[in-house]
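Taking it in order: structure first as structure tokens, then the write-up.
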Amino acid sequence: MDSFPRLVFEQVKYKNPFLWTALIRGYILQGHLKDSISLYCSMRREGIGPVSFTLSALFKACTEVLDVSLGQQIHAQTILLGGFTSDLYVGNTMIGMYVKCGFLGCSRKVFDEMPERDVVSWTELIVAYANNGDMESAGGLFNELPLKDKVAWTAMVTGYVQNAKPREAIEYFERMQYAGVETDYVTLVGVISACAQLGVIKYANWVCEIAEGSGFGPINNVVVGSALIDMYSKCGSIDDAYRIFVGMKQRNVFSYSSMILGFAMHGRAHAAIQLFGDMVKTETKPNGVTFIGVLTACSHVGLKCYGVSPSTDHYACMVDLLGRAGCLEEALKMVEKMPVEPNGGVWGALLGACQIHRNPEIAQIAANHLFELEPDKIGNYIILSNIYASAGMWDDVSRVRRLLKMTGLKKNPGYSWLEGDRGVIHEFRAGDLTHPNSTEIQQALGDLLDRLQADGYQPNLRSVLYDVSDEEKKRILMTHSEKLALAFGLLTTSPGATVRIMKNLRICEDCHLFMCGASQVIGREIVVRDNMRFHHFQDGKCSCGNYW
């Protein structure tokens, strides 16, 4: 810190606490924490007591450097000096310090002992619980909050979104609307992300109407517009996403990237590449996400000329592209020669390619790395087991399953969902025939199967990764969740309407073949969003070109 302020300070004969605090804050703003602490010690030696601004400044400094030990010493000062434990401003900065340093229990203790709290106190802790994945505690605090303002409601909405609980996020947003609390673009982006996660078009249209009605429509707000593009893309309505994009008065790198990624997810590679070409003609500079979209659209574009260094995500895209093309050896060599350490995404792309091309040798190499990098990710074990099963290597299947059993991890069951009448979401789990309309679903599915078989369809028995009879494999295939969802969709939607299905896992080869045939014989478009991409089935063909 410049010596002049200190020189002026030293010439003051009677220094009050505010003058001491001003210099202490000056040191803190300059990043000189040790000097600020030393000055505070001098202040105390001269018998000058701090004011609340002194202590809050020191707490903020501890937060900046994440020094919880020093923060605890300052905390002790508030108790020893007396009079500060009831200071609202000091209490709030103390809560913030403990939260940022990762001591959530200490921040809750401070909160519980505060005689007076304001919305900042409550919201700080609600956000902390949400960031820690504890939405139960966040919800408990929120319910106790006497006056719930826009910030508190937004904290709950975004908290549920961050913790992959989109239905709860939408529910809180609805409650916020009923309570008459004003919405801003931050809240809107949160609930838009929830709609994107859920993938249901009714909620997408509903939140788009609210955005336009609240003055934060996509035409004038580039942040909301970019989020809506992403939402409609993930809800299976790429045309609506493009409508939003075209209608925006202002576009930024996020708008372009969301649209390019949307086109890529829906198999419109040429549209994605063309839009990228349009983008580079503008003053909008591509970023890393833009190139991931372009690479996902199956085109290798130079990165360095735009000042973007290739990241592991870009390498993952390239490994995926090479792997899907069957160039597994080349993909493996690329991974081994990467200038940065390959992460789980890179090895996962290679493992996925091995599943497509049934290469157990390279799959084992990729899996060994994944077991070290992602020991708690059950999907890696399952994919390797499936690859061995497809190759008929049942001893290796048993070995991987024993290894999985030793880890104690449990497989998430496959399930699909779609929107029914009045926005009700219906879920279907593989092999589960307990739906209230199960009899009608089975009848519709049987009728559809008869029509498909008459058209030449034969079940792909390799999609059943169990050592059972062919008849049992056929039975298992006909109870896959996406087939159950399709039958229900055909029963409950008007003739000719598009059937939109969401799925938590990758669609299997047999279901993909089944959906292609179904779109042909029923004359409808079927849209399936799995955990990899969108599949638009129409006239017997899929937008992915059977290349997914």
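Using N, Cα and C of the backbone, Cβ positions are placed for all residues, glycine too.
As a whole-number mean, the pLDDT of the domain 'DYW' (456-548) in this prediction is 88. Under the heading domain 'DYW', TrEMBL lists 456-548.
TrEMBL lists 16-50 (among others) with the feature repeat 'PPR'. Note: the repeat 'PPR' (16-50) comprises 26 helix, 0 strand, 9 coil (DSSP; helix = H, G, I, strand = E, B).
Annotation source TrEMBL lists repeat 'PPR' at 87-121 (among others). Long-range contacts of the repeat 'PPR' (87-121) within the same chain, counting only residues at least 6 positions beyond its ends with a Cβ under 8 Å from a Cβ of the stretch, are 52-53, 55-56, 59-60, 62-63, 66-68, 71, 75, 78, 128-129, 132, 145, 147, 149, 151-152.
Here TrEMBL flags 149-183 (among others) as repeat 'PPR'.
The DSSP breakdown of the repeat 'PPR' (221-251) into helical (H, G, I), extended (E, B) and coil residues amounts to 23 helix, 0 strand, 8 coil. According to TrEMBL, the feature repeat 'PPR' maps to 221-251 (among others).
Annotated repeat 'PPR' per TrEMBL: 252-286 (among others), in sequence order.
Long-range Cβ contacts of the repeat 'PPR' (149-183) within its own chain (Cβ-Cβ under 8 Å, at least 6 residues beyond either end) map to 119, 122-123, 126-127, 129-131, 133, 135, 138-139, 142, 190-191, 193-195, 197-198, 203, 207, 210, 214, 216, 425. Residues 185, 188-189, 192-193, 195-197, 199-201, 204, 207-208, 211, 258-259, 261-263, 265-266, 268, 282, 284, 500, 527, 529, 534 of the same chain lie 6+ residues outside the repeat 'PPR' (221-251) yet bring a C-beta within less than 8 angstroms of a C-beta in it.
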